[in-house]
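Enquirer: The feature repeat 'PPR' is assigned by TrEMBL to 226-260, 329-363.
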Amino acid sequence: MSLKFRALSLTNKTLNQIHTQLIKNPKPHTLNPILGSLINSTSPENALFLYNQMLHYPTSHNHYTFTYALKACTSLQAHQKGLEIHAHVLKCGHYYDVFIQNSLLHFYVTENDIHSASQVFDSIRSPNVVSWTLIVSGLSKCGFDDEAIVKFLSMDVEPNSFTLVSVMSSCSSLRALRLGKAVHGYSLRNLSEHNIILHNAILDFYTSCGSLVHARHLFVKMPKRDVFSWTTLMGGYAQAGLCDEAVTVFQQMVECDEAKPNEVTIVNLLSACSSVGALNLGEWIHSYISGRRDLVVNGNVGNALINMYVKCGHLGMALQVFKAFKSKDIISWSTVISGMAMNGYGNQVLQLFSLMIVHGVPPDGVTFVGLLSACSHAGLVDQGLMFFNAMKVVYGIEPRVQHYACVVDMYGRAGLLGAAEAFIRRMPITADSAVWGALLNACRIHGNDEMFERIRRCLVNGGEVNIGTLALLSNVYTSSDRWDDANKVRDEMKRMREKKMAGCSWIEAEKQP
């Protein structure tokens, strides 16, 4: 809708007042405050209507008028109007006012037009801290993290806390631990005020870099913490696999009542429970959610709950949560389908997929991994091949290596080893160790030593083998009492200087945290 038609939303009374002001006293000090009020109203498009009217009266506007108009464009995402204002200030000679240039810079940064923002910044004769902060934040926001850091390091004015927040974001993205620590040190030496936004940005930086000792130290020293602070530290522990530490942080958060956990907090903690199979804790969190009227078991929280119950092997509760959903998205359906496949409910998975299609939810690649896995475990080879072919033909999804591995595993479990090998040879992408490992495992299960040895020689000679495949080879030899061959494989693993990650178990000692 054009600005001319948008102006119709102005009341007649307001129109008359604006018209009266323009006729009686067309002065900027009278009209600019009205412009500012309209920007902050529920209909900021009216500010641009007034701006257009002010342009007809040469004495009614000054350089502040353009900054107000650009603010309205930013609020409305009116890119074309912003370009028009940019052209007008160039024409009327106001362009080199630093306030207008910063307003233009802010407008382009908000619009993610980093090219135009950079051009404006380069034209500023003496950029102030606002100018530098805007360009650094714009580069960081648009993914130009290296450029944002270079810009920050070239600053010829003292950065403020907002500048440091922006550069810390780029340091987090690049995992630039050394520079981030230097920025942290600078803030401690030069900024006297306690800025929780900056502290949270530094906290996020340390957790992103995996430097949890520094993160914990900062967290403890922070004079004030909010829900973002707690969630960031908890998420850092969960992401690093330190799930018991993540749980401890959540317990402290609930007990001290410094901040109330939000959806992101709950999702992070449920993810930690899923990683270690902590069912009792997951059930306690479910109970905690039920006691919070502001937390709804739907969307991200509901999907995280389903995933937790699935990973902990409590499929009944996963289905119960799923059925209670008001609106199920692709993540909800795919999580339940994958969970049922993991637990061997092949036929039920097919029924669930049919129901998903009836509800108008299109499948994605993750859905098909669950479907193919279900067909593999249930021995439904024909149905599995049908799904595999439908991926690309019907749904336009290009099969990835994990889909091919599922088909090989499906053939292998059914004893169709020749078909599995032929399928691998026809693959349009290079088979990785997961694909070959599925066939080797099938050879082991069905006792086909001849194929096993032939594939093993091809893999070793072709260099298409990783530590997981070597571990599988060693285990197969060991189970067949072929100790010399097993030892040779182990020696090869040592030469690769790699080690297979050891398994671990989680034992819950209490019902509640």
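Glycine is no exception: its Cβ is also placed from the backbone N, Cα and C atoms.
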Enquirer: Same chain, outside the repeat 'PPR' (329-363) by at least 6, Cβ under 8 Å from its Cβ: which residues?
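Expert: Contacts with the repeat 'PPR' (329-363): 299, 302-303, 306-307, 309-311, 313, 315, 318-319, 322, 369-371, 373-375, 377-380, 383, 395, 397.
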Enquirer: Mind checking how the repeat 'PPR' (329-363) divides into helix, strand and coil residues in DSSP?
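Expert: Helix, strand and coil residues of the repeat 'PPR' (329-363) number 26 helix, 0 strand, 9 coil.
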Enquirer: Using DSSP, what is the helix/strand/coil residue split across the repeat 'PPR' (226-260)?
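Expert: Counts, helix then strand then coil: 27 helix, 0 strand, 8 coil.
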Enquirer: Could you please provide the mean pLDDT value for the repeat 'PPR' (226-260)?
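Expert: Here the mean pLDDT over the repeat 'PPR' (226-260) amounts to 89.
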